[in-house]
Amino acid sequence: MESVLNTNEPPSDGRKSITFKVNPNTNQMIATEINARLRTIRDKVESQERLTMDDGLFLYQPDVPLHEVGELADLVRQRMNGNVAYYNINTHLNPTNVCVYRCRFCAFRADLRDPKGYAMDDEQVIARGQEATDNGCTEMHIVGGLHHQRPYEWYRGVLSTLSENFPKLHLKAWTPVEINWFEFQTKNSTEWVMNDMREAGLGSLPGGGAEIFHPEVRDQICEHKANTHAWFHTHRTAHQLGIRSNCTMLYGHIEQAYHRVDHLLRLRELQDETGGFQVFIPLAFHPENTKLSHLKKPSALDDLRNVAVSRLLLDNIQHIKAYWIMLGIGTAQTALSYGADDIDGTVRHELIYHDAGATTPEFLSVDRIRELIIEAGRVPVERNTIYQEVIRDPNDFSNWSIGETLPVS
Ligand code: V47
Ligand code: SF4
């Protein structure tokens, strides 16, 4: 039987689908076939041979036992990152939620005259920087909407205000969707925007705006914003300029296994070329208050399978992040045995997931994060955004310095 892939366009390696033998009475894959294929994949993983599109499609099949997929991913995690799990002390800043676009999965955006809409002024931005510094943050994660009436200088000003007042804070800012908007506003190239933003304080790029790259899905969930080509062009340019970046995949909405594998392989391809991605973050779709609110949130089983399959396919990206805000604490802890080696940070002021129904806390203390990691059997290590170890003054928590550079790809 053909697995359900329903696509018109072949994936990066030219395969369209994969055929499985199924038991006609149960419609489930035959155990002997599952075992044989798993053995082949295990051999490849053990000998560090690259997995293919077919392997990825197979590993995503719900009939393939999750614990076996997790065990393989755990092997890779252990080999790449040892017994360590990383976290950071960070905060979020969404300078505005007003947005010209209307992505169907987004509960965060607001219209220009919506009472929920806001755009921060300098004073508010500085207050957030001060709060972050007082709490010992090393990173500020900055993304938001594309405001109809805020010029490029306003966005640039967010970074320059923060970097002038809080020079130690690493500013991980703007997705390719924003960079693309700035190109449109300034009529300048990606490279120009990136250099200008770097001058203003940009340290690295977050992984957002990736959603699902395949046009069959992208055209249905966010057809107007920066397309797949623009997303890759932005990250390639960043990497060429020596700016590191993260990458993501938004799963659990209308996409199928085939689109997920295609997405992961496209990321692997760019990483082969530039080596500039530090970490991959699978993002579970939260449907509440979105145009896709009729859909069910992905299950914990699906979350863990996504962590594991991404660890296995993305053999050239050093870290996989189990973002606790989105997965929930229990699943994030379990994910540390399914391929993940990072759980993100303390996170204050998260809006994107909480607007979409996330019930996780809005903040975790450092002690709690370390406790979660230890409970999961790993050694907690604080990192900064670009994966350098952070050393804290034991008598003054907000006083920190940079130690060793940790493994990056
Ligand atoms: O691009 C938006 C996603 C992304 C929803 O780089 C949603 O370290 C689920 O990129 N349900 C932005 N997901 C967030 C992001 C991110 C998060 C954490 C760490 C890093 C990093 C990056 O959030 C968007 C979109 O894919 N998103 N709405 C939703 N309802
Ligand atoms: Fe705007 Fe980003 Fe929401 Fe899309 S995901 S509507 S670009 S804020």
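The first residue you see is number 1, and the count goes up from there.
Just so you know, glycine gets a Cβ as well, placed from its N, Cα and C.
Just so you know, TrEMBL annotations never went through curation; they're auto-generated.
Listed in TrEMBL:
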DOMAIN    85-318  domain 'Radical SAM core'
BINDING   C99, C103, C106  [4Fe-4S] cluster binding site
BINDING   F105, E211  S-adenosyl-L-methionine binding site
For this session: Only counting partners 6 or more residues apart, tell me which same-chain residues put their Cβ under 8 Å from the Cβ of C99 ([4Fe-4S] cluster binding site).
Result: C106, R109, A110, G144, G145, L146, H147
Exercise. Where ligand 2 binds, which of the binding-site residues C103, F105, E211 are close by, with Cβ under 6 Å?
Worked result: C103
Problem set entry | binding-site residues near ligand 1 among C99, C103, F105, E211 (Cβ under 6 Å) | F105, E211
Problem set entry | C-alpha spacing of E211 (S-adenosyl-L-methionine binding site) relative to C103 ([4Fe-4S] cluster binding site), in angstrom | 10
Seminar exercise, completed: In this predicted model, the domain 'Radical SAM core' (85-318) has a mean pLDDT of 97
For this session: List the same-chain residues at least 6 positions away in sequence whose Cβ sits under 8 Å from the Cβ of E211 (S-adenosyl-L-methionine binding site), in sequence order, or say none.
Result: C103, F105, V217, R218, I221, C222, M249, L250
Exercise. Relative to the mean position of the Cβ atoms of C99, C103, C106, the recorded [4Fe-4S] cluster site, which additional same-chain residues have Cβ within 8 Å?
Worked result: Y101, R102, F105, F108, R109, G145, C222, K225
Exercise. How many neighbouring Cβ atoms, not counting its own, are there within 10 Å of the Cβ of F105 (S-adenosyl-L-methionine binding site)?
Worked result: 23
Exercise. How many other Cβ atoms are found within 10 Å of the Cβ atom of C103 ([4Fe-4S] cluster binding site), counting all protein chains shown?
Worked result: 21
